[in-house]
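Engineer: Let me give you the structure first, and then I'll get to my questions.
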Amino acid sequence: MFSFGGNLLAGQHDTEKQRSPPSKPTPVTFPSLDPPEPSTNAPPASWTQPGAKISGHFLRLKKPSDVSEDTLALLNVTFQPQCSLETLLSSLSNNAGTFLPPSSWVHSPGEQEAVPDPGSTAKLLSNGRRLPDQREFHIRARELLFKNADAFSTLTRKSSGDQTPVRLAHFRKFWEGLDNLAYYWDTSLDEYLPPAQEASDSSGETTVSGSLQESTKADGRETKRETDSDRALTARLGSRTPEDGEPRKKAKVGDAESETRSAEAHSTNGTIKASVSAPVSSASPNRVLPARAAPPKTPWAANMESQSKAVDLSNGSYRGYRIGNGVEMPDQYRIDCVRSFLEPIAWAFGVTLSPHRRPPVLTIEHIRFPVRMSSVAWQAPQDRAKARHGYMEGPVLGLQCRADTGFGLTGNLKKQSTLDAVRELGGLLLLAQERAREGKSERRGGEGRWWTTKERWGGGPGGEVGETIGTTEILSTAAAPKLEEKPVERNRDGSKARRKPSPAEIWKTLRPGNPLWDPKVTYQAIGKDKSVEWDDVFMISSLNHHISLLKLRIHPAYLDYITEGKLPDQAPSDSDWCSPKLQRTRWFDLFDVEDRTEAMRGIWGVMSYLMRADTNDHDGTAANQ
């Protein structure tokens, strides 16, 4: 519930210190979707067939592997290719491309503003705040230009030579989150060291030589005892020819074994073989003689044999950032890092990030389909009293982080990509439904129905079904005198004590289903152009250590069909209302300086567009021109 230990890993591991090697790094892969062809001029046949309902398909989805191309075909979404930030915003109304900061803002703070004219009016946002300028953008962007190692050393308070520690202010939590990601994803300093051979060889020679001396002395004593027994045995057996099966004369076992060990010990230029074994017990007089020692190997042959064997790095040591791989990383680290990347940008526009206080579910007719939504950007109300009580307005945009890795490594790239696309669409459709609630009231499940207004029991004798109460018990209960009522329990302050209702009493209470809407959220389509019917929904998608910016252009008639399951009585003027348009940018790497500054520039432009003052939306001109 609480992430008190989310940033405790920062500075815990030294990159120069050798330690046991972590798991192999996780390859960075992304989905590669080949979507089905949508129907843009008319609703698809799966919508218009008699008895066909979109909810029936989603009811059959019992597990993630049940999601297929039929799910995408049923949603009828037009997937457009990856585009740049300029293309993403230029497709919007109100000259949205002008809200995107130029690339020069990253490295230049701009000219010093002169004293403002008292007669001029400052450019304001829709929430009444002042529009952030180039200087505020540069103050935040310059913290993303630091090298990763310099920022990490500032967090751990470790000196990095003569360089002055960098100053982390707005994005400090982001750098803490990125440091946690580096312990699982950053392979820039990976150095696997093989097992140390010299130390083990020197200690091995000393140990084996000592054991050889002890075994030689023991074998000498055994040989002396065996010689006496052999003489007695020879006297009893007499003289035999080799053809008669006379046993061979026993050799000196100790000398033979010592020669074998010495030959093997010096065969590989000082390297001890693992074939050196303990002396065999000589309790039996007919024990097998040791085999002849093999001729010593040449040094270059031994070196060739050692080079042909693959080095097992799992028994060696490791230097670098990582303590594991991307699969082993907790999902909360990614959520904290990406949210900390968005918060400094959102705060400049008076927007806060907070997860849903009610379970995020997508309403598909009468089905509540759970979707993933890591956090949502909300606008704080201008009434400070309501803001202190936790009221919010929006949503503005969403954040979805997913822990899926290894796309295509198992050979199911197409199926994995389809499932990932459905998860993204689920989050975007949820945001679209919440933005479409503006000016509406929630209709709870079962509201106005007979099962939420009439009693479950008619009140006849015998009690409810399942209660074994006889007629005599009912009569005796009715004839029994009423007991004196117990005094009402009260608290110390005199108020009546509250009693927790029993499960049976809760079951008997007649009421509609639990509400899905948050009572402390004023749902608004913030940033929507009021002059058009289409709504543009934005969401930040995150995989591995990358983020991508998504935009879904959706028609209200499409939302009504998804939510209520009813096609419009009269076809809308736009023939392509039945196919939302999905655009996305490329994946931006948060470990890369250029990628994260470019991602900040895109999110800043989207926030500027969504939080603009909408006084001139009717004539299609930008509010800040």
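Positions of Cβ are set from backbone N, Cα and C atoms, glycine also.
As the structure is a computational prediction, the values presented were derived from the model and not from experiment.
The annotation region 'Disordered' is assigned in TrEMBL to 1-52, 195-306, 436-504. Under the heading compositional bias 'Polar residues', TrEMBL lists 39-49, 199-215. Residues annotated as compositional bias 'Basic and acidic residues' in TrEMBL: 216-233, 241-264, 436-457, 482-496. If you look up TrEMBL, you'll see 274-285 marked as compositional bias 'Low complexity'.
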Engineer: Can you work out which residues elsewhere in the same chain, 6+ from the ends of the compositional bias 'Basic and acidic residues' (436-457), have a Cβ less than 8 Å from its Cβ atoms?
Structural biologist: 366, 463-464, 508, 510-517, 523-525, 535, 556, 559
Engineer: Could you tell me how many residues in the compositional bias 'Polar residues' (39-49) are helical, how many are strand and how many are coil under DSSP?
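Structural biologist: Secondary-structure composition of the compositional bias 'Polar residues' (39-49): 4 helix, 0 strand, 7 coil.
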Engineer: Give me the DSSP three-state residue breakdown of the compositional bias 'Basic and acidic residues' (436-457), ordered helix, strand, coil.
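Structural biologist: Counts, helix then strand then coil: 3 helix, 0 strand, 19 coil.
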